[in-house]
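Peer 1: Quick one: the structure is below, and I'll ask about it shortly.
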Amino acid sequence: MANQPSVAVAHLGCEKNRVDTEHMLGLLVEAGYPVDSDEAFADYVIVNTCSFIQAAREESVRTLVELAEANKKIVITGCMAQHFQEELLEELPEAVALVGTGDYHKIVDVIQRAEAGERVKEVSPEPTYIADETVPRYRTTTEGTAYVRIAEGCDYGCAFCIIPHLRGKQRSRSIESIVAEAQQLAAEGVQELILISQITTNYGIDLYGKPQLAELLRALGEVDVPWIRMHYAYPTGLTPEVMAAIQETDNVLPYLDLPLQHSHPEVLRAMNRPWQGQVNDQIIEKIKTALPDAVLRTTFIVGFPGETDEHFEHLCEFVQRHEFDHVGVFTFSPEEGTPAFDLPNQLPQDVMDARRDRLMALQQPISWQQNQQEVGKTVQVLIEQEHPGSGQLIGRSPRFSADVDGLVYIDPGEAPSPRLGSLTPVQITDADAYDLQGQLVSQ
C-alpha cells in the first residue's frame, strides 16, 4: 500500500457531481490510495467536470489546461467527459483517463490501468448506474450537512437542457436504500440532509410505477436528523399527498426549490417544460395555502429564443406578485445537441444580460422584505464556520439552503462557542437582501 500513487480531486459543478466526487474519494481511500488536498503534490488529479452551460464548460476547460501546463496526470470525469469524449482525449495528451457519468464507481480500476500505462476510456453510452448506501463515501461538505441522491437521470426533454443525454434515464433508489444511508449519516452526526435528483418530485416513478416522494418523506421522518430539505421539486409533482407529508413530518423543512424557469405559457411551451405553461399562479397559491410557512426558491431563464418584451414583462409581474424568498436568474445558454440550439429568434447577449439584471433588481427589495420578517425571532442555526480572528460564527437557518441562499452571521458575545456542525438557537438582530445577522442565545 505504501507505493500507491497519491490522488487529488478538483470538483466542479452541481451537488449531483459532488456526490459522484465523494463516492470516488471513498472508493480510492478504501483501496488504500492516499488523497492529497493539494493538487500540486498529487500524482493524479481527477477533474470532475460540468458541462451544463457554456460558463461551466469554460471553468472546466480552464482547470484542465492549468493542470496540463503543470504536467499533471489528469483523469477527466463527469459531464464533460460524457459529452466531449474524443475532443478531450485529442486536445489533452496529459489526460491519462476519461470516465463517464455512469462509470465513476470504476475509478480504482481506472487508476490501476493508467498506472500500468494504458490510456483509459471508460464511458457507458447510456449511463445506468446509481450508487447506493453500500458504496464508500468521503464527504466534502461541512460537518453538519450531507446531500442524499434519491434518483439519477431524467426522462423529460426540456428544449434547453442537455442533462438527459449526459446522465441517462431516471433511475430511483429504493426507499429502504435511502433510509439506510440517512441512518448512516445520522450516526455520523449529520444535522441536515438535502435530497437531490434531477426531478425530486418524480422520485420512484420508474421503480414503483408512480411517484413515491410522500412515502419517502414519511419514512425519513423516522430518521434522527433534525432537518430534511428538498431541492428540484417540480410544481406539478407537489400533490396533496406530498404537501401533507411535508406538513406532517416534523423534520422535513417547508422549503421548496422550484425550477419554474419562466411564467409565460408561450415561453414554457417553447421550452417544452412538462407543464406546458398551464401552471404557475395556481400552483404557487396552492403551496402558500397548504404550507403558509413555506420558503420558496426558484430559478428563471431569461432570453430564451423568441422571448419578447411582453413575455419578459409577464415574468417581471409574476415575480413581483408571488414574492419568492430566493430567486436565481440565468441567461439562456445555447447547448449544442438540444432543440433550443437551432431555434430562430436568438436574442443578443446584451439584451439577455439587461433582462437578467432587471429581474434581479426587482427581486432584491422582495428578498430584503422577506428577510426583515426574521428580525427579532429566535431561530435554529446550523453552525458551519468560525472566523479564527474575530470568533464570528457563520451558519444557516432553515430558510437558507447550502451554497445557493444566504448565511447567518453571528456575534458570539459572551456565550460559549457551539461546535461546528451543530444546531444552536440564535436571535436575529438585522437583515439585508441576502443574509441575516444574529446573536447566540444563552442556553
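Quick reminder: no glycine exception, Cβ is built from N, Cα and C everywhere.
What Swiss-Prot shows for this protein is this:
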BINDING   Cys14, Cys50, Cys79  [4Fe-4S] cluster 1 binding site
BINDING   Cys154, Cys158, Cys161  [4Fe-4S] cluster 2 binding site
DOMAIN    5-116  domain 'MTTase N-terminal'
DOMAIN    140-370  domain 'Radical SAM core'
DOMAIN    372-442  domain 'TRAM'
Peer 1: I'd like the number of other C-beta atoms within 10 A of the C-beta of Cys14 ([4Fe-4S] cluster 1 binding site), please.
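Peer 2: Excluding its own Cβ, Cys14 ([4Fe-4S] cluster 1 binding site) sees 19 Cβ atoms within 10 Å.
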Peer 1: Measuring Cα to Cα, how many Å separate Cys50 ([4Fe-4S] cluster 1 binding site) from Cys154 ([4Fe-4S] cluster 2 binding site)?
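Peer 2: Their Cα atoms are separated by 17 Å.
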Peer 1: Would you identify which of the binding-site residues Cys50, Cys79, Cys158 has the most other C-beta atoms lying within 10 angstroms of its C-beta?
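Peer 2: Result of the Cβ crowding comparison: Cys79.
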Peer 1: DSSP on the domain 'TRAM' (372-442): how many residues come out helix, how many strand, how many coil?
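Peer 2: Taking the domain 'TRAM' (372-442) as a whole: 1 helix, 31 strand, 39 coil.
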Peer 1: With a radius of 8 angstroms around the mean position of the C-beta atoms of Cys154, Cys158, Cys161, what other residues of the same chain does the [4Fe-4S] cluster 2 site pick up?
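Peer 2: Along the chain, the qualifying residues are Tyr156, Gly157, Phe160, Ile162, Ile163, Pro164, Gln198.
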Peer 1: Can you count the other CB atoms that lie within 10 A of the CB of Cys161 ([4Fe-4S] cluster 2 binding site)?
Peer 2: 22
Peer 1: When the domain 'MTTase N-terminal' (5-116) is classified with DSSP, how many of its residues are helical, how many are strand and how many are coil?
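Peer 2: Going through the domain 'MTTase N-terminal' (5-116) residue by residue, I get 59 helix, 23 strand, 30 coil.
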Peer 1: About how far apart, in whole Å, are the alpha carbons (Cα) of Cys161 ([4Fe-4S] cluster 2 binding site) and Cys79 ([4Fe-4S] cluster 1 binding site)?
Peer 2: 13
Peer 1: Check the DSSP secondary structure of Cys161 ([4Fe-4S] cluster 2 binding site), expressed as helix, strand or coil.
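Peer 2: Looking at the DSSP assignment, Cys161 ([4Fe-4S] cluster 2 binding site) belongs to neither helix nor strand, so coil.
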